[in-house]
Amino acid sequence: MLLVLLPAWVALCVLQLPLGSTQECLSHQQVLSTVRQMQKLLSAQEAAHLQGTRSLKKQLSALQSRVQRLASKRNETCPQLAVPANGRKLGRSTRVGHDVHFVCDAGFRLVGSETRTCRRDRTWGGTQPFCRSIDDCSSNPCANGGTCVDGNQSYTCLCPRGWSGTSCQSPVYTYWVTLSNSSFSRQPRCAEGRPGSRHCSCDTGFQMRAGGVCQDVDECQLFQPSPQTRLCLHDCLNLPGSYRCLCPPGYVLHADRNTCEDIDECTGSRHNCTHGELCINTFGGHRCVRPKCPPPRHNTSYVKTSSFQCERNPCPMDSRACRLAATSISFHYLPLQANRSVPRVLFKMSTTRFVGDSLRFAIMGGRGQGVFAVRRSDRQTGELVLTSPVVGPATLEVELEMSEFSRKVLLGKHIFKVTAFVSPYEF
Ligand SMILES: [Ca+2]
Ligand SMILES: [Ca+2]
């Protein structure tokens with residue numbers, strides 16, 4: 001630009017010289033000064049121009065870096081989040097700083113974070129939520145003690161006796177209260193679920209009868225009379241919803257709940273025997289006994305050597321009757337159940353001091369000879385056998401004799417006094 005302007009100005013001066021005076025033309029000094037001023041002006045303009053250019057370049061550079069930063073930001077995203085079952089996810093952006101919201105469908109409630117934010121480290125804040133079915137029983141919808149059963153967006157009330165309806169709100173009026181023995185008839189248990197569906201059932205031991213009443217099953221009447229189906233060994237008591245076996249006095253119900261077990265009154269202090277008496281436990285009771293030796297007779301006397309045994313005192317030298325009398329007497333008490341099957345060995349007799357060559361056994365007397373027999377089981381042993389069933393209650397007495405011989409000469413006799421206490425029952 002300087003080169004263009006300067007020749008024009010110099011030429012103007014040259015053209016003016018031949019037409020006017022030389023004083024009107026600029027001096028050499030003045031031209032130089034003017035040129036210097038022009039140069040300064042141009043330098044200043046050049047500097048301003050350069051500064052503008054530099055500023056423009058700076059702005060362009062800033063713009064470029066900003067555009068680059070924005071472009072890189074687009075890659076800063078968090079991973080996609082799952083949509084919860086029975087719910088929705090609101091907001092699609094997964095970029096850093098953005099939020100995603102969660103809501104659940106009707107009948108469900110959100111468990112976890114309602115809102116999650118994509119953080120600078122490209123992870124989501126909060127926890128992944130899920131939708132849980134709302135407990136339909138949480139509001140305790142069943143009235144009058146009904147039990148609520150939670151369903152899928154519904155509930156069912158199991159109503160107690162006397163109430164019905166979806167919320168057990170309706171009292172049930174039935175005619176069972178008019179029955180004479182109300183304890184043996186009950187109202188059924190009914191569960192009313194969805195409208196129109198009602199299920200009624202009876203408690204155990206009851207059965208549905210006409211009119212929708214639960215009637216007790218009389219197990220005793222049904223099963224007790226027949227020996228094949230008999231429930232109780234002795235007696236049966238019908239109870240509402242069940243039955244119970246009963247035992248006669250002197251027995252307790254066995255752990256199996258249907259047989260009767262004798263009470264042993266003689267162990268412990270459940271007997272009424274006086275001092276000097278012996279307690280004998282029997283089926284269904286007990287007896288108090290006092291074994292007595294026979295009174296002295298014909299020079300023969302006995303002495304008690306134990307609770308159940310008597311021994312003959314030494315005989316006078318000239319007493320044959322004494323020598324023929326039993327040398328010992330023992331007492332035996334046998335508890336017996338009525339109607340026991342026969343033949344049945346009740347008692348065995350033998351001797352520990354056998355010195356002869358043979359033993360004889362015999363029934364000598366007593367009040368039970370018709371049902372007893374004696375037989376030999378081996379050379380030194382005899383048996384008392386029950387030959388007929390005995391109807392109880394009864395007390396049978398039998399006296400057995402065991403004689404020992406040596407070459408047909410009597411060496412000695414032993415008397416067994418046996419008493420059988422027969423119970424009134426077959427147990
Ligand atoms: Ca019953
Ligand atoms: Ca007893």
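Note that Cβ sites are derived from N, Cα and C of the backbone, with glycine treated the same way.
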Among Cys131, Cys137, Cys142, find the residue that TrEMBL gives as the disulfide bond partner of Cys104.
Cys131
Determine, on the basis of TrEMBL, the cysteine among Cys148, Cys168 paired with Cys159 in a disulphide.
Cys168
Using a Cβ cut-off under 8 Å, which residues of the same chain at least 6 positions beyond either end of the domain 'EGF-like' (133-169) come close to it?
86, 107-109, 186-187, 189-195, 198
Can you tell me the mean pLDDT for the domain 'Sushi' (76-133)?
89
Tell me the Cα distance separating Cys131 (disulfide bond) from Cys159 (disulfide bond), rounded to the nearest angstrom.
31
As a test of the contact definition, list every same-chain residue at least 6 positions from Cys131 (disulfide bond) whose Cβ is closer than 8 Å to its Cβ.
Pro84, Ala85, Asn86, Gly87, Cys104, Asp105, Phe108, Arg109, Leu110, Val111
